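Taken from TrEMBL, the feature active site, charge relay system applies to 139, 214. Annotated active site, acyl-ester intermediate per TrEMBL: 238, in sequence order. If you look up TrEMBL, you'll see 22-56 marked as coiled coil. Annotation source TrEMBL lists domain 'Amidase' at 91-531.
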């Protein structure tokens, strides 16, 4: 009887334990779902209130020519706002209406900032600001007072931000009006743009393609015409990738503002940031807009609020210089074999630069062997999180055995501090020995199919390298995918002919008509030179199409 009693009690205890764990899990999931629903309700409410506000404004201002306002470049818009031919009310409501329409198609916004309507009554006090009256969109992970900064992770929906980030404060001081927050990849760890809270954002040129990530909401909104200036963040290409995919311009500065100041303090998001530098940066329709934004941000107010930012005002003289450049160019970094459209983009721009009198020579970079390599997870992150969750000893063995057949080493290994410093110094020394000012390199593209980002995560090698090196880098759209590109893609094999290469081919297939971009790079703290190079590329491409 004692044995049977003990067995019975043990069985009952196991069942009770299982039920307790099960109930806790169910409660946890229910609480998460309730948080998600509240966040979605807040978003929907903000969209509805914005729509009502736009309707009221249009009824009381029937002569406002929104179509004309939306066609203006940032430089044209700021000029007309300064001279009074346009007022901030007309501009904000025009862009708010367009944003609402774009969001219905692309699901790129996490909320409309209704405070922007109140800011219209006070923005006149900042009329001398470089961005006076300009509506600006901002990525959801940049803190904004009284709003959640979730990064697409449910646990971060508990506590709204207590104050605006330095970046938002400086934008407002310069007269800008932040009016909408945009969607992003969960935990900023994917170059897709999806999370369990706000869902999947799609590409403005093809809804079957991703807009890129993690700043995909920004790129989609700007590419769709709903914003003319936005702020994204770049940890491994998170500004440059979506800018390339959506056909806009994007710039990762050397370093703009303390990274940790802008984001939720969660270790999940800080993965590898000890080595890989992240920075907020501008995204826009043209390079002049990027330069104006950098000029506005690098001001005394910024240097006062954040003493970690070097007090170096934007040097407009360098940006406007017309001296011939010494340009190195890459077609292949030895790790990622570019798609046919990527190679063609570089070659066409190289030819235009040579015709314009610049010196262009082939450049070789160091072999990239080791750069960088929760309750609810977005599908695009599951493979990465699984790999990161493997025991350290197992990852080391796996990396050794499979290198280079399967390129897990890029995400299984982290450079040691010493190797990291040496790599930067060696790269700068190599750059100087080649006597080049700037570098032209391929940019990942065209846009990948939805839900394929996790299969081709190694493709970020051509962008993450410059986060590691702390080099300023930006992208400029130069072409679109042609039928010939698609035909040549059928014969694509890649550098290693492994599963990653096959997945990349599959991901970018079907891209005819999608944007093709190139990447422009300069040495640290030569941000103006990098932007000047981007402007040169943009101008030459524009002239070649006339």
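The backbone N, Cα and C atoms fix where each Cβ goes, and this holds for glycine too.
It should be emphasised that the depicted structure is a prediction, and the values quoted were computed from it without experimental measurement.
On a Cα basis, residue 139 (active site, charge relay system) lies 9 Å away from residue 214 (active site, charge relay system). Cβ-based neighbour count (10 Å, all protein chains) for residue 139 (active site, charge relay system) stands at 28. Contacts of the residue listed as 'active site, acyl-ester intermediate' defined by a Cβ separation under 8 A and a same-chain sequence distance of 6+ are given as 185, 188, 191, 213, 214, 215, 232, 278, in order along the sequence. The number of other CB atoms found within 10 A of the CB of residue 214 (active site, charge relay system), across every protein chain shown, is 34. Over the coiled coil (22-56), the average per-residue pLDDT in this prediction is 92.
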